[in-house]
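Positions annotated as domain 'Major facilitator superfamily (MFS) profile' by TrEMBL: 34-477. Residues or ranges marked as transmembrane segment by TrEMBL: 30-47, 82-103, 115-134, 140-162, 174-193, 205-226, 289-312, 327-349, 356-378, 384-411, 423-449, 455-473.
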Amino acid sequence: MPKEFTDEFEPLLIKDFNGQKQPKLPNRSLVLAACAACIGGTFQFGYNISVINAPTTHVHHFINQTWIERYQTGIPESVLTLLWSTIVSIFTIGGLLGVTVGGTLSVKHGRKGTLLVNNAFAIIAALLMGLSYPTGYFELLIIGRFITGLNAGIGLCVQPLYLGEIAPTAFRGAMGMGTSISITLGLLAGQVVGLKELLGKEDSWPILLATTCVPAFLQLLILPWFPESPRYLLIDRGDSEGCRKALKQLHGVSRCDGELDDIEKEKRGLADFKAKTPRELLCDRSIRLQVLTVMLLNVAQQLNGINAIYFYANYLFTQSGISAERIPYVTIGTGACELVTALTCGIVIDRLGRKVLIMGGYILMSICCILFTLTLSYQRASPIVPYLSIASVFAFILSFGLGPGGVTNILTTELFTQATRPAAYIIAGSLNWLSFFLISMVFPFLVVWLEQYCFLVFMAVCTCMAIYIFFVLPETKNKTFIEIQNEFKSSKKARTVDGTGMKRLLSI
């Protein structure tokens, strides 16, 4: 084998196959550390998206009442709509800002340190939103929602970093699914707590919005008992002793040496280590394909139709004859189905692989988009058709949870090394939030212009992503970060060789 290929694939050639069996289950301390990171991390994102829906009518009444007390006249309908839209949508602006600072904070203060500091934003936001009603300032709701978005953005950026870096190679997929599972748990918890039987009543909505401080306090109590990311300790800080202690706590004594060797190999490959900025990452030609892949995956995660389905779900449920009082419980059912799917994906992802799940998810979502279009076009053809629409809703959500919903964040972790990963999360997260904001603004107009045929647009997005994944994305299951990098390099070199050979043939 030529020397240049020997050097490139050295990590693959010297990989230790000592005959030890891979453990069937992760270490208990590792699972608890992941739970501690999730409860105050991406759980907050899901929770604050869903919890704002329940008090809509009550907040409208509060704003109108406050306006009358201030100006002795009722609030114009257009102003009320604008204020409510601002309260809801400013969450995404805060999230975008949170993502842009989250990666930088994770480099300066560590993954665990950033998660702990981030809880201050959730506590401040809870205090502001809880005091809005007794003080009579609805402006506090706007500020509080912005800060919850900031908290969610930082959590979405840093928590997957922490989970991906504390997980051993054999369980990186299952641990990475913690992000999707905690988001779904947050969505479900927000829907349940917002029921009228709990905190969805008119006199308790300030308490409902202030409950975002509960996960923050839980994380502050639990996460300090667990170590910082071992990769961060060794590669970023050069703390080999701290790295070894962290690995022993998270993986156990028997697995510590093997994981330490993998981290040291990665560190040796990062001469003069310095974490890259997003600008440097975008200009680095050697990892351009990885950057492009992650950018497309994160944009498609929001533009594939999942948010449109959530926006359209109430209409579909109403068309099927479900009463308005029962719709919140049906919505909880969709959340429960997504949670079950995320848990299932967490179990099978390290067996089936990332590529199969995410590509299969997009293919199933494409099929569901066709079913949506047909069932909505022939809604009155038969009494059973509206129920087929509901079945399509559940199928679409399950397909999303099985593939794009969970695997996208894992791939953002796996396609980069320590020097480039934080910047990759800043780019991916920014595009994710911008796409979320875009679909929130554009979808209502899309429905007016195309009606039920708007789902054909989402079908095109899902189909294109499935094709791209099939031809470009390598399987990353059970591979170290260095091995994944080498696989991208080898595929790029193969394409270059093929292109050179074709040019030579044409010139003959």
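Keep in mind that glycine also has a Cβ here, set from the backbone N, Cα and C atoms.
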Sort out the residues at least 6 away from either end of the transmembrane segment (115-134), same chain, that have Cβ-Cβ distances under 8 Å to it, and list them.
-> 37, 40-41, 44, 62, 105, 109, 140-141, 143-145, 147-148, 150-151, 154-155, 158-159, 162, 205-207, 209-213, 215-217, 219-220, 223-224
In the same chain, which residue numbers or ranges, 6 or more beyond the ends of the transmembrane segment (30-47), come under 8 angstroms Cβ to Cβ?
-> 95, 112, 115, 118-119, 122, 148, 151-152, 155-156, 158-160, 162-163, 166-168, 171, 175, 178-179, 181-190, 212, 215-216, 218-220, 222-223, 225-227, 250-251
Same chain, outside the transmembrane segment (455-473) by at least 6, Cβ under 8 Å from its Cβ: which residues?
-> 289, 293, 296-297, 300, 303-305, 308, 354-355, 358-359, 362-363, 365-366, 369-370, 372-373, 376, 404, 411, 446
Thinking of Cβ pairs under 8 Å, which stretch from 82-103, 205-226, 289-312, 384-411, 423-449 has the most of them with the transmembrane segment (140-162)?
-> 82-103
Where, among 82-103, 327-349, 384-411, do we find the most CB pairs under 8 A to the transmembrane segment (289-312)?
-> 384-411
Chain residues in Cβ proximity to the transmembrane segment (356-378) (below 8 Å; excluding those fewer than six residues from its ends, i.e. six or more beyond) | 297, 300, 304-305, 345, 348-349, 385-386, 388-389, 392, 395-396, 399-400, 402-408, 411, 451-453, 455-456, 458-459, 462-463, 465-466, 469-470, 473, 475
Considering only the recorded stretches 82-103, 327-349, 384-411, 423-449, state which has the highest number of Cβ pairs under 8 Å to the transmembrane segment (174-193).
-> 327-349
Stretch contact, the transmembrane segment (82-103) with the transmembrane segment (384-411), Cβ-Cβ under 8 Å, 3+ pairs = no
Across the domain 'Major facilitator superfamily (MFS) profile' (34-477), the model's average pLDDT, rounded to a whole number, is 87
